[in-house]
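**Student:** Below you'll find the structure I mean.
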């Protein structure tokens with residue numbers, strides 16, 4: 001284990017992250033809301049912390065191994081989340097406890113979208129911008145965004161990319177060099193954000209709301225600058241902009257990269273449609289949106305079919321992309337609709353996207369595995385390999401997906417048990433852990449709108465669940481294996 005080299009890298013990344021505090025400080029200056037001091041203090045403290053980590057180890061530039069990448073990813077997320085709490089603690093309004101600030105910061109960085117803050121409409125613009133900006137930074141994963149500069153630091157970036165990337169096919173690279181992948185991600189991610197902000201602005205949002213919501217829409221984070229979430233605007237055009245860009249953020253970004261490289265060369269739509277996961281993902285979205293829309297109309301929750309489709313598409317997409325935007329009180333929806341929303345959140349979006357959940361590719365492979373087992377019962381001698389497109393999946397790949405599913409269940413019930421010990425009842429604990437572990441945001445029970453009333457200790461458990469969900473279990477759980485720390 002190259003501990004000193006790892007500390008050096010963490011220090012450099014923390015120093016880079018400290019610079020992000022200057023952006024909301026500039027926003028505070030523009031609006032004159034008095035928040036600049038808190039962000040400048042947070043900037044200085046973060047910069048000092050990064051320097052103290054980096055300087056004693058700055059001569060250690062050993063090449064990282066694969067196992068080192070996992071520790072860097074987890075350590076950086078924990079350190080980053082801790083530093084991200086500083087502005088929230090330094091502000092006089094809102095006045096947050098340490099546990100609440102930790103919860104809010106990790107919810108932003110992991111793009112969960114759950115919140116312990118209320119009265120958003122009356123908060124300083126700079127703190128509202130900061131929450132949105134945190135989700136934008138966390139959307140693609142801080143480490144993936146940083147790998148473009150990792151080669152400049154004297155180490156290779158492949159291990160970090162593999163540890164942070166999501167989805168079971170993450171060993172497949174979209175481009176030969178990881179720095180090129182990261183740069184392409186930056187260009188695409190930033191371009192989509194700008195397009196989303198323009199679309200919001202043209203649809204009637206003011207510039208501040210348009211920029212803020214573009215951050216949380218592309219990242220599928222779900223934070224809003226208003227207590228009523230996206231429902232504050234109550235406008236169909238804004239709802240459709242939200243739905244479309246959430247879906248774009250829910251697509252595997254390797255497909256976006258391929259489409260970006262193929263501009264002007266071939267039919268871009270074919271580039272997406274030939275991907276089995278994308279076809280499964282889009283088909284499931286259309287089916288779920290249709291069912292939810294018809295259900296909303298059938299239950300009389302909307303006035304006409306157009307409103308049903310508009311609101312059904314938004315609410316279903318928000319849950320399935322684990323974004324966290326809400327226009328309905330989920331806890332008071334008919335059980336059938338609520339169940340569909342929960343199922344969609346469990347499935348999530350595509351691997352390699354900004355969404356949470358199990359991911360569409362894993363769901364597709366598990367479905368094919370179940371189908372094969374059922375056919376094997378009928379034809380015991382049948383040899384039927386599982387294929388995704390033209391690729392035949394190795395047994396090891398299928399085993400890893402089942403292992404992920406089992407780990408997901410174990411972590412879920414472990415967190416539920418821990419939250420119950422913190423004082424929450426079973427139903428609320430199950431709903432809250434589901435919301436945080438899948439990074440979906442809205443919970444069930446009394447936390448369906450805000451986590452402000454949960455015990456302080458439970459907020460720390462939820463923060464752990466968010467990190468587990470964001471790093472897809474294994475990247476974090478592997479650190480608890482004793483053999484990981486052996487030479």
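The backbone N, Cα and C atoms fix where each Cβ goes, and this holds for glycine too.
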**Student:** Looking at 98-109, 158-169, I want to know which stretch Swiss-Prot calls intramembrane segment.
**Tutor:** 98-109
**Student:** Does Swiss-Prot give residue 34 and residue 119 the same topological domain, putting them on the same side of the membrane?
**Tutor:** yes
**Student:** For the annotation region 'Selectivity filter part 3' in Swiss-Prot, which listed range does it cover: 309-314, 315-320, 321-326, 327-332?
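**Tutor:** Feature region 'Selectivity filter part 3' in Swiss-Prot: residues 321-326.
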**Student:** In Swiss-Prot, which of 335-346, 371-382 is tagged intramembrane segment?
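**Tutor:** When 335-346, 371-382 are checked in Swiss-Prot, intramembrane segment belongs to 335-346.
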**Student:** Which range, 269-275, 360-366, 437-443, does Swiss-Prot list as intramembrane segment?
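**Tutor:** Going through 269-275, 360-366, 437-443 one by one, Swiss-Prot flags 437-443 as intramembrane segment.
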**Student:** Residues near the K(+) site, 111, 112, 220, 221, 322, 323, 439, 440 excluded, by Cβ within 8 Å of the Cβ center?
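**Tutor:** Sorted by sequence, the hits are 110, 113, 219, 222, 321, 324, 354, 355, 356, 441.
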**Student:** Based on DSSP, tally up the residues of the topological domain 'Periplasmic' (225-234) by helix, strand and coil.
**Tutor:** 4 helix, 0 strand, 6 coil
**Student:** Residues of the same chain, at least six outside the transmembrane segment (66-90), with any C-beta under 8 angstroms of its C-beta?
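**Tutor:** Sequence-remote neighbours of the transmembrane segment (66-90) are 1-2, 5-6, 9-10, 13-14, 17-18, 21, 24, 35, 37-39, 41-42, 45-46, 49, 96, 98, 100-102, 104-106, 108-109, 127, 130, 134, 142-143, 159-160, 162-164, 463, 467, 470-471, 475-476, 478-479, 484.
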**Student:** List the residues of the same chain that sit at least 6 positions away from residue 220 (K(+) binding site) in sequence and have their Cβ under 8 Å from its Cβ, in sequence order, or write 'none'.
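**Tutor:** Within the chain, residue 220 (K(+) binding site) has Cβ neighbours under 8 Å at 111, 139, 246, 249, 250, 321, 322, 323, 349, 353, 354, 355, 356.
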**Student:** Across the region 'Selectivity filter part 1' (110-115), what are the DSSP residue counts per state (helix, strand, coil)?
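**Tutor:** Each residue of the region 'Selectivity filter part 1' (110-115) counted once, the result is 0 helix, 0 strand, 6 coil.
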